Amino acid sequence: MKIKIGKVEKRLNQIIEEEGAVYLTLLDPEEENIEEIAENVKDYADAIMVGGSIGIVNLDETVKKIKKITKLPIILFPGNVDGLSRYADAVFYMSLMNSANTYWVVTAPTLGAITILKYNLEPIPMAYLCIEPAKKTAVGYVGEIREIPQNKPKITAMYCLSAKFFGMRWAYLEAGSGASYPVNNETIALSKKLSGINIIVGGGIRKPEIAYEKVLAGADAIVTGNLLEENPKAVEMMYDAIKKAGKEKLKNK
């Protein structure tokens, strides 16, 4: 079986090439007002991620509800092997590379591989890296992470280079859901420069100006999740900031 890039990933790459950055919104399947949130983001996000670190309830129904509201690609962001749905378009096939538990590094994605094939989901190979202060968030606890310090950008960059050598085309630099502060610019810039793969940044990004500076630092994609639950209307300002920074980044190339 020949490995090839699927249509969702091609679309994301095209947006990055033409607009400089992608805006991904993360929806938690357990949110009661999931339809309202989807309605608020459908005109501004480039794709919708669905997933969470703790528990999955009626994932199929959640994805179907979102599909009725928007034609945006739905990318699964599984917290475990039960975070898969045949109704989604793609899945971030990820390894939590800096977990102390090999289950999260390789066993969980391996156990999910046959289901992904069976469901005909498009796998998007991605390194998932949890960076300070992620240890204080749900993903840090569940994923048993060896947290990468913010003041050691070379460590994150080396993980990204390793991911590239493993054949991964994306790396997600995660500060954690509800993080008190985001991944710093130096870490983003060095990770992008050393690896050259697509860099996603999420966690602790609550203001448009923060998203703007992360894109200029080298982020190819920005993820917001908690922001949508706290202030769904903020998505428009976030989108505008990301696209503005993307254009500037392309101009400066």
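Quick reminder: no glycine exception, Cβ is built from N, Cα and C everywhere.
Per Swiss-Prot, the features are:
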BINDING   ASP28, SER53  Mg(2+) binding site
BINDING   TYR172, LEU173, GLU174, ALA175, GLY176, SER177, GLY178, GLY203, GLY204, GLY225, ASN226  sn-glycerol 1-phosphate binding site
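For the binding-site residues given as GLY176, GLY178, GLY204, the lowest number of other CB atoms within 10 Å of the residue's CB is seen at GLY178. The DSSP secondary structure for ASN226 (sn-glycerol 1-phosphate binding site) is helix. ASP28 (Mg(2+) binding site) falls outside any helix or strand according to DSSP and counts as coil. Each of the binding-site residues ASP28, TYR172, GLU174, ASN226 was scored by other CB atoms within 10 A of its CB, and the lowest score goes to ASN226. Across the structure, ASP28 (Mg(2+) binding site) and ASN226 (sn-glycerol 1-phosphate binding site) are spaced 9 Å apart at their Cα atoms. The full span of the recorded sn-glycerol 1-phosphate binding residues, TYR172, LEU173, GLU174, ALA175, GLY176, SER177, GLY178, GLY203, GLY204, GLY225, ASN226, taken as their largest Cα to Cα distance, is 17 Å.
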